[in-house]
Amino acid sequence: MPIKLDNKLPALDVLRSENVFIMDENRASSQDIRPMEVLILNLMPTKEVTETQLLRLLANTPLQINVEFLYMASHKSKNTHAEHMETFYKTFDEIKDKYYDGLIVTGAPVEQMPFEEVDYWQELTRVFDWSKKHVYSTLHLCWGAQAGLYYKHGVDKVPLSEKLSGIYKQTVDMPENFLMNGFDDSFVSPHSRYTEVTLEDIKNKTDLDVVASGQEVGLSILASKDLREVYSFGHFEYDRDTLAREYRRDLEVGINPDVPANYFPGDDPSQEPKLRWNLAASTFFSNWINYAVYQETPYRLEELEDDFSFYGYL
């Protein structure tokens, strides 16, 4: 089923060229079904790229989805034109009285900083607090997952000895979890980070389930038992060339990074990487929308005001 978006959003041209099903507002309004309302808090500097990546995956789900974008007003974007932000993004003050079936909190290139030193940290914690009564299920990605665990459960991130970058094998630890419906026993996906959270901290400080993990990546996917909190430390949404662009960016600024693992054929950066995680990515996002959101969210989203006991950090 399609996603419904502003007709002027630049990502639409890319998505239509890939034969992604986009529905205009006239057609959407004639369907006798309540669309899912999803808010994307986009913390990535390359906003338009991340928009396209996430919308591509949401468009593969079997439901009509209305998508809105949120940005942190306390942070000035250096890589996205102000006109784009003003046209397609909303501030927290503009959405704080609304309700959503799902919230996606993206990663951000700030993981080597203490959380409290991130310039929009206080505003982000307001969003986390607000989501208790205004969002049914929240999907936290990469740094967004670490930020959510830190604020909601007191689980801090731990530095790795070197950057984890590449395509890594992960094992499904809970095949009975709805998020893993349709997955094989193992899958691969991109990871790109300098920090991690430990299994010991998750066991000692939360009652979250470890849904997937890997020998090289450690914890990969965590979830609350009712799927209203979902944490993914990888990057299912990454394009074929995203890690390549990150690698070349790091080279240009003199970081001298290792070649991303299991990515370039023959570890040769001049070769085009193989796309090996697309099916797992589509399955994961479809499962989140269907099982964590659609099957359980109230028809009247205002009812979320009356039922927020699922958050263990209240």
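Keep in mind that glycine also has a Cβ here, set from the backbone N, Cα and C atoms.
DSSP assigns C142 (active site, acyl-thioester intermediate) to coil in the three-state reduction, outside any helix or strand. Sequence-distant neighbours of C142 (active site, acyl-thioester intermediate) (same chain, six or more apart, CB under 8 Å from its CB) are T106, G107, A108, E111, S192, R193, S232, F233, G234, H235, listed in sequence order. Positions annotated as active site, acyl-thioester intermediate by Swiss-Prot: C142.
The local packing around H235 (active site, proton acceptor), expressed as other Cβ atoms within 10 Å of its Cβ over all shown chains, amounts to 21. Annotation source Swiss-Prot lists active site, proton acceptor at H235, citing sequence analysis.
A coil conformation is recorded for E237 (active site) in the three-state DSSP classification, outside any helix or strand. Feature annotation from Swiss-Prot assigns active site to E237.
Taking the Cβ of R249 (substrate binding site) as reference, no residue of its chain lies under 8 Å away while being at least six apart in sequence. According to Swiss-Prot, the feature substrate binding site maps to K163, S192, R249.
Marked as site 'Important for acyl-CoA specificity' by Swiss-Prot on the basis of sequence analysis: E111. DSSP assigns E111 (site 'Important for acyl-CoA specificity') to coil, not to a helix or a strand. In the shown protein chains, 19 other C-beta atoms lie within 10 A of the C-beta of E111 (site 'Important for acyl-CoA specificity').
When secondary structure is read from DSSP and collapsed to three states, S192 (substrate binding site) falls in the strand class. Look at Swiss-Prot and you will find S192 tagged as site 'Important for substrate specificity'.
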Whole-number answer please: how many Å between the C-alpha atoms of K163 (substrate binding site) and E237 (active site)?
19
For a quick check of understanding: given the listed substrate-binding residues K163, S192, R249, what is the maximum Cα-Cα distance in angstrom, as an integer?
14
What are the non-local neighbours of E237 (active site), defined as same-chain residues 6+ apart in sequence with CB under 8 A from its CB?
T50, Q53, L54, R56, L57, L141, A281
Taking DSSP as the reference, which of helix, strand or coil describes K163 (substrate binding site)?
strand
